[in-house]
């Protein structure tokens, strides 16, 4: 995931000042741009010198061949005149004046200079890449410039009644329908572990089927992805911070051979976007085949580092969940990817409108975008039991930022193109099932249970097609109020004081 290096090169039509400005708008370090430009300039000089040295080496070999052909004496003099040691001014005429033994010595010295130059070039290349992968994509002009998403995310539109309030939150409702085992899940799987069971399993499967059917009718190809990826491929689709904050590492045997003692490092996927992005790695995609649209289905695994204390109860924010994802490879020309961007968020909106979930669409501020996104719109559903908007969908246009490192090129072959171009890649959540379940539970709660949204009824089993009944009391109704807790603690304290006073009185009587 990187920008085009030519964007940093003024002589190639690039504009480093624009990228520096983008970094500032993202509230990231603009100094990375200057460091990259410096490393790249030195790298280009180093490569130019290496090319010239290789030409000189070939010239030495050619000159030796010509002298041997003429049967000139080889000589045994390895002394090299000082002017010859200045390789920048070395010419064919200068070499012709030397003996074969001297030219061989010069060739060895050139070899040493090439090795030194190559070592320096590799070092500069690594330095350049370290800076390049931490510089974000160019921003779309409509992105709000701010580093405070709580205050400055721009609401683009609202659908449905986002003011209504209801009694219970999803934390209680998952228990009331007996569809969740949280404490036992935590014992088995650790923090945020859970068992989804009973009616909520059916509801989850109904959502998956409905989401896939909806996308299938819009030309998306359903695709069930691998759950883990090789490290070198994951590095091409995920930014560096994700390896520390989001991704789970899996260590396994290097091969299926019993005597193989090597180990292989893989990473569990955080979203099906990651393996689908790599599906056409190292390919040329023909213009007539675009757009290519996939409906990704996978289990997703996320560490949620940095979310300590947030949404610790229920199933809204968990380490493992099912998700259906929209993923599109688009043409980089004629604004096609931005038209597709609007189409994808529109598809998500139609899906949640059909489920009767109120929401608003927010344009995410520049400081909260990941490196790849040029623009991101979120669909945040209204949760009437919690009295808050919560994110259900993220839709991003990454333009050619992801495709460049994955080498997914646009067109036929390099021979057919004046310049190599890369496809644009877009992703959008269709349905993260556990979050959507939470939204349905809060919006469709009644005194007796949860009304099943009409669009999901055909996918539900008999007896659960219209209403999911409450079978357990709400945990919040069983918890003592703060006042009751205070009174109870006060009574215990008073009883303890009375007991202590009685003991002291008994001690006095005994002593007397």
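Cβ atoms here come from the backbone N, Cα and C positions, even for glycine.
What Swiss-Prot says about this one:
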BINDING   271, 302, 325, 427, 429  L-serine binding site
COMPBIAS  500-512  compositional bias 'Polar residues'
MOD_RES   1  N-acetylmethionine
REGION    9-61  region 'Interaction with tRNA'
REGION    472-512  region 'Disordered'
MOTIF     482-494  motif 'Nuclear localization signal'
Subject >> Segment-level pLDDT (mean, integer) for the region 'Interaction with tRNA' (9-61) >> reply: 93
Original post:
Going along the chain, which residues six or more apart from residue 429 (L-serine binding site) have their CB under 8 A from its CB?
Top reply: 323, 324, 325, 326, 348, 379, 392, 393, 394, 395
Subject >> Max CA-CA distance, Å, over listed L-serine-binding residues 271, 302, 325, 427, 429 >> reply: 18
**OP:** May I ask which residues of the same chain, at least 6 positions away in sequence, place their Cβ under 8 angstroms from the Cβ of residue 427 (L-serine binding site)?
**Re:** 271, 273, 277, 325, 326, 327, 328, 395, 396, 398
**OP:** Specify all same-chain residues, apart from the site residues 271, 302, 325, 427, 429, whose Cβ lies within 8 angstroms of the center of the Cβ atoms of the L-serine site, ordered by sequence.
**Re:** 270, 272, 273, 296, 300, 323, 394, 432
Subject >> Secondary structure content of the region 'Interaction with tRNA' (9-61), with strand meaning DSSP E or B >> reply: 44 helix, 0 strand, 9 coil
